[in-house]
């Protein structure tokens, strides 16, 4: 009796695996292709039929990325811009999300969303002029400030959703216990919302890290961020696929590692919060 | 400890009136239960006393202080919620000491008070655990502990036992009552379960559609319900209601069933009445009103039966072991001294 059951289950699993593989194949294949490109010499990259695994591995592509560009500076710029923009977004967005969720101020949430949906280019020029007048061009501040347009709405929207699902009684209990609104937020709502904060932090970080448009307009040679630096590897004479792919992988790596690390955090946080009655 | 005085309290949500001017006086140290069906406004009233809900009109006083418009944190009350509302990121000890910590009390004093409350509730061994590591009953006790540590003027309970299983509910009922007798703090307890109200409260307030139907001691409500609603709500199983009129000194239903009456009610003749009798006030008799059993449920200690007597359904609760089965004809006797008569039109007791 048990034998056919097991076979059935195994078949189910194989089927599920196959479907999952098909669904994620575009992502995986594109990633594998990028790795392959970054490890091949230019001659192999242009070959037909394409070579997936080269005979000679071209580590020099990675060396070239760091040699020919001030890649470490751009990396540091990216860290500063994304880091500051994300942290500022948490400082502004988490309390804002709490306030909007508790006061049911959906309209202000929509206004924030509109700011996010407006095409960046439409406000980049006036902002560029503004930063010029304020003598901020040439520093990282214009990019940090404008990245808030990306990060704040993400944090606010995720936190609204999170605070709306946390039981209101906890906050009521705290206010009966003698807490002021600020204490209720800081001592009760905030610790409970930790998983939500982690999720919004990561998403804000990814969007800000990968942002290209703001950087290309506002950054100069010294204040360039990584996505802009990768773009600048395309020269007019030729496209060097190897170094380009290597640079792109280097840019992706920190975000990839962070997501992999934080995924565990998110799951752990969610299960910790899933207790009846708090 | 303090008195609680509620004067003409009203609550509107927009144009919808939820509470229509309620007056309740609660003495110092009294245990008052607010009961009523879902949507009667009992939880809203409690939340207004707690300061979690704005008051539309009227005044609430705790002791000599008018608190109607004070924030919850300034009312010196403690509340136990239906879902316990324990802070999930704090240990039991931190949960219980949270209010004192907010008051910036001395850590040693907090520890002493938490230990004392834990002693009262048998929580000493659980102080380092988190709420998620506790059972329902233990969480309930921690919620009570959090209230005790505060040493507030008034305890508020919002259906605190409804998430527990039947057996635990009976046990916790006893524990809350014991705690009240020991500490003596004025307590307001909201429940939809009239058995809880009957067993625990010194005074019961029966609410219905935002109005008070009756206020009184549990037995007073049981013995002399002032209207049909209270009569039907208090008591389990519920009172039998039979429509009819008084004719020739007896109560006669439309279908011709004749029921006994106490002395001196004949004056109420000539109008439509409701005859109320509790199932437990009906006895089996050798000669009496005859009915056919349409439902028989035995629990060992008692037998609950529904009889069809000339088309009228009468529920009976027999304490003795009768050999009654579905379809049997049973003879019953009603004690005329324990019946209740209500005006059908107004619903009021005669």
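Each Cβ is built from the backbone N, Cα and C atoms, and glycine gets one as well.
Checking the ranges A:44-63, A:144-163 against TrEMBL, the transmembrane segment annotation falls on A:144-163.
Here the transmembrane segment (A:144-163) does not lie next to the transmembrane segment (A:14-35) in space: the count of CB pairs under 8 Å, restricted to residues six or more apart, is fewer than 3. Counted as Cβ pairs under 8 Å, contacts with the transmembrane segment (A:110-132) are highest for A:196-219 among A:14-35, A:74-98, A:196-219. Remote same-chain residues near the transmembrane segment (A:14-35) are listed as 52, 245, 248-249 (criterion: CB distance under 8 Å, separation of at least six residues from the stretch ends).
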